[in-house]
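Asker: Straight out of Swiss-Prot:
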ACT_SITE  465  active site, proton acceptor
BINDING   4-33  FAD binding site
REGION    530-549  region 'Disordered'
């Protein structure tokens, strides 16, 4: 087998690459995917989002090493093992990122990736339903919508934010990227609108695009150039030849793993694994970043939450309604209200994110209390803690070693304590008076710094937004893995394009910027002139210097 471009991974970025690289019909594209089909309601029905993440069929099922600052717990670290990658098992929340996120990328050496540069790519990829005119794309492959917003708890959350003195925003992906508002979803016509549905499946209808299901074992490098990919499928090993380039889009865990298996990475570590060093790049696997969050849960005194739908019978009713009409509760991820807030005066951008959910529940679908309730997923999203991805062994089937070093920076503790106290302030507003019952979690007895820290050590979890392990930067940056054209430094014919190249984590969910990365990388690969820079300036809170709201 051979193709002009061989893409490893059909996730958020890989699917976008397959679509754009094959668009003019001049180049052949072959996608290598270790997973399989996304057929069936577990992935396609939005309300079933807890299911695919818990199924080994769709999830690599990684765990971190014991985290010393979190009571040595091993933290769940899912990644999609299916067409569409993690966009097929995620929560379907769509966040571009704040303008300051991308300006920071450029400051860190990713020239040409400032907000003015990436905004046109976000517009190109979007088909926005209800977004801010002039700021959003309307004819791209990726459908983005808002939910039905019928539950009164959603309205109470946004009203409580206003009562607490915070801003509201009509579109946090538009000009005003701060405040309380409606959450956007990658859902269309009642179905999860994954990168597979938006990009990969349309691309596979073209004669010049193919897909092979198998495990990428290593990149073949000859005389300093990537010439193909060794894959395993059906118990046999074979090489897929790349006539032009190999593009790695295998996730922030598996992209650095594959580079290291191929001899690209920290020379000392590769030698310890018995792997021949092809390019000594110490940044491969370094700079691992993520978002953490906890659930703040409250009893609802009125029976308006989704608790009534949790029994198996009623879940079956919702599922049947969705199967028949693609409507009803099954057609939403139920994340329909949110907030992006600044933790302190002097910050240009929000650093706290809220997802509001009108039920008190864990991510695996188990009820947190035998009553109606509501919750927020809340986290400090600009942590300075950094971790790493390394090899466990030279066996391509071995899981990578994930050391996040969560909560290793003192500021993280300060910010998460603030999250607990700020959430109590928001839930204590008049808008929640009609619904507010006892606090389920953390619990009203958790008040002091020491009590909050103890709660956090036991209850903080990943928000599943890993990035940064093949950092993009200037060629003279010894820790950069790819240059701003996404080319691997030191190896010809090889690129990386996915969330692993982010120099710094963005302030929200990563599916949107990952797809944007695939879109922009495709233009670099094809040698196209980048889309014209935008001159639009986003809103900055005029009180930012003196107030957190």
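Cβ coordinates come from backbone N, Cα and C, glycine included.
What you are looking at is a predicted structure, and each value in this text was computed from that prediction instead of being measured.
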Asker: If you count other C-beta atoms within 10 angstroms, which of the recorded positions 20, 465 is the most crowded?
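Answerer: Selected residue: 465.
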Asker: So how many other Cβ atoms are close to residue 16 (FAD binding site), meaning within 10 Å of its Cβ?
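Answerer: Here the count is 32.
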Asker: Please report the three-state DSSP label of residue 28 (FAD binding site).
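Answerer: Reduced to three states, the DSSP call for residue 28 (FAD binding site) is coil.
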Asker: Near residue 12 (FAD binding site), which residues of its chain come within a Cβ-Cβ distance under 8 Å, counting only those 6 or more away in sequence?
Answerer: 84, 85, 86, 87, 195, 498, 499, 510, 511, 514, 515, 518
Asker: What Cα-Cα separation, expressed in whole Å, is found between residue 32 (FAD binding site) and residue 465 (active site, proton acceptor)?
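Answerer: Between the Cα atoms of residue 32 (FAD binding site) and residue 465 (active site, proton acceptor), the distance comes to 23 Å.
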Asker: What's the number of neighbouring CB atoms sitting within 10 A of the CB on residue 24 (FAD binding site)?
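Answerer: Residue 24 (FAD binding site) is surrounded by 9 other Cβ atoms within 10 Å.
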Asker: Translate the DSSP assignment of residue 16 (FAD binding site) into the three-state scheme.
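Answerer: It is helical.
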Asker: Rounded to the nearest Å, what's the C-alpha distance separating residue 28 (FAD binding site) and the residue listed as 'active site, proton acceptor'? Just drop the number here, would you?
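Answerer: With distance taken Cα to Cα, the residue listed as 'active site, proton acceptor' is 31 Å from residue 28 (FAD binding site).
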Asker: May I ask for the distance between residue 16 (FAD binding site) and residue 465 (active site, proton acceptor), taken between their Cα atoms and rounded to an integer number of Å?
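Answerer: Each residue's Cα considered, residue 16 (FAD binding site) and residue 465 (active site, proton acceptor) end up 19 Å apart.
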Asker: Go ahead and report the DSSP secondary structure tallies for the region 'Disordered' (530-549): helix first, then strand, then coil.
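Answerer: The composition, in the requested order, is 0 helix, 0 strand, 20 coil.
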Asker: What kind of secondary structure is residue 465 (active site, proton acceptor) part of, going by DSSP in three states?
Answerer: coil
Asker: Just checking: which of 4, 8, 20, 24 have a Cα that is within 10 Å of the Cα of the residue listed as 'active site, proton acceptor', counting only these binding-site residues?
Answerer: none
Asker: Based on DSSP, name the secondary structure state of residue 4 (FAD binding site): helix, strand or coil.
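Answerer: In three-state terms, residue 4 (FAD binding site) counts as strand.
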